[in-house]
């Protein structure tokens, strides 16, 4: 544990220095994305990124798993109404929270960290930095703080005044989806197969609940048989943690080799038939193009990091609210004047 803490501190210091010397050329991020650009808060809240980074660093130092949780929040937010912070809203008045959808109920976490980020931002720059931008920055910082790539985050999103429970239930890919369903749900958000594989690489960190992979162990095709593509010793280990009944909330690492470090081990696991979720395994077994991408990223971590950063920027640009649309929430859990 002490080694992990020291590793995270070193990464944080390197990361802070890197951000100071990076070029935030606004011309790279405009166009049809509402003129989002990295320097959006340069004048209005110059310490915004520093504040977010500091809070996330403390949270990840307390619990490394939080990095994966924050990245997952960003993913689940962007796939419903775009990256607008709708997932952060609690039920109130006309709002029916997305937190109770099938993909989020009893699994989405990290909301308290977002609250802490927002409180710090409001103290520094009231009514300035959106919850949507704060979550997008937190996802980037979570990558860096666990050893993954960094990227300049286009900023300027505003927060929604609505949520969509049905959108959350229908738009977000599920762990047991088929390959075609997963690709279709990504395509619906303007993301292609390369994005599917690269973004799935975020499963190099974090954990998943037994209920998300039990069917692979006991009833993959509805005939009472396990998924034969699972490596046998790995499957036996998983059955120890995930019984046929009960233990729904028991956790297993998404990456058995390095669940706390962002690297390309996830793709190596897929080649060895040790992907935890069905949605992981199908990337290697169901399509030649995705299989070749898995092999490429398994062989070349730098290639994976570059594509992951590019795909995260692309995902973060899904249907942003900008200009006078939406609002800047004072509290990420509720709309203003509610």
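A Cβ is built for glycine as well, from the same backbone N, Cα and C atoms used for every other residue.
Under the heading active site, proton acceptor, Swiss-Prot lists 76. Under the three-state DSSP scheme, residue 76 (active site, proton acceptor) falls in the helix class. Counting only same-chain residues at least 6 apart in sequence, those with a Cβ under 8 Å from the Cβ of residue 76 (active site, proton acceptor) are 87, 98, 103, 104, 108, 168, 172.
DSSP assigns residue 82 (Ca(2+) 1 binding site) to coil, not to a helix or a strand. Annotation source Swiss-Prot lists Ca(2+) 1 binding site at 77, 80, 82, 84, 86.
DSSP assigns residue 173 (substrate binding site) to coil in the three-state reduction, placing it in neither a helix nor a strand. Note on residue 173 (substrate binding site): other Cβ atoms within 10 Å of its Cβ, all shown chains, come to 18. Swiss-Prot lists 173 with the feature substrate binding site, giving sequence analysis as the kind of evidence.
Per Swiss-Prot, heme b binding site is recorded for 203, and the stated evidence type is sequence analysis. Around residue 203 (heme b binding site), the same-chain residues at least 6 positions away in sequence with a Cβ under 8 Å from its Cβ are 254, 255, 266, 275, 276, 277, 280.
A C-beta separation below 8 Å, combined with a sequence spacing of at least six in one chain, links residue 204 (Ca(2+) 2 binding site) to 148, 254, 255, 258, 261, 262, 263, 264, 265, 266. For 204, 255, 258, 263, the entry in Swiss-Prot reads Ca(2+) 2 binding site, with the evidence type sequence analysis.
Within the same chain, residues at least six positions away from residue 125 (disulfide bond) with a Cβ under 8 Å of its Cβ are 41, 44, 45, 47, 48. The disulfide bond annotation in Swiss-Prot covers 45-125 (among others).
The disulfide bond annotation in Swiss-Prot covers 78-83 (among others). Non-local contacts of residue 83 (disulfide bond) by the CB criterion (under 8 A, 6+ apart in sequence, same chain) comprise 74, 77, 132, 135, 136, 157, 315, 316, 317, 318, 319, 320.
A helical conformation is recorded for residue 131 (disulfide bond) in the three-state DSSP classification. Marked as disulfide bond by Swiss-Prot: 131-332 (among others).
For the recorded site, residue 242 (disulfide bond), the DSSP three-state label reads coil. Taking Cβ-Cβ distances under 8 Å and a sequence separation of 6 or more, the neighbours of residue 242 (disulfide bond) in its chain are 210, 213, 214, 217, 250, 252. According to Swiss-Prot, the feature disulfide bond maps to 210-242 (among others), an assignment based on sequence analysis.
The N-linked glycosylation site annotation in Swiss-Prot covers 176 (among others). For residue 176 (N-linked glycosylation site), the number of other Cβ atoms no farther than 10 Å from its own Cβ, over all displayed protein chains, is 16.
Contacts of residue 219 (N-linked glycosylation site) defined by a Cβ separation under 8 A and a same-chain sequence distance of 6+ are given as 225, 226, in order along the sequence. The N-linked glycosylation site annotation in Swiss-Prot covers 219 (among others), and the record cites sequence analysis as its basis.
Cβ neighbour count for residue 250 (N-linked glycosylation site) (all protein chains, 10 Å cutoff from its Cβ): 17. Secondary structure at residue 250 (N-linked glycosylation site), taken from DSSP and collapsed to helix, strand or coil, is coil. Feature annotation from Swiss-Prot assigns N-linked glycosylation site to 250 (among others); the stated evidence is sequence analysis.
Per Swiss-Prot, the feature signal peptide maps to 1-22.
Note: residue 72 (site 'Transition state stabilizer') has non-local neighbours 108, 110, 202, 206, i.e. same-chain residues 6+ apart with C-beta under 8 A of its own C-beta. Residues or ranges marked as site 'Transition state stabilizer' by Swiss-Prot on the basis of sequence analysis: 72.
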Secondary structure of residue 210 (disulfide bond) (DSSP, helix/strand/coil): helix
Residues near residue 80 (Ca(2+) 1 binding site) in space but at least six apart in sequence (CB under 8 A): 86, 87, 98, 163, 164, 167, 168, 171, 172
For residue 332 (disulfide bond): intrachain residues, at least 6 apart, with Cβ closer than 8 Å: 85, 88, 89, 111, 114, 115, 118, 131, 134, 159
Listed binding-site residues (84, 263), ranked by Cβ neighbours within 10 Å, top entry: 84
Candidates 78, 82, 84 (recorded positions) - the one closest to residue 173 (substrate binding site) by CA: 78
Spatial separation of residue 84 (Ca(2+) 1 binding site) from residue 78 (disulfide bond) - C-alpha basis, Å: 7
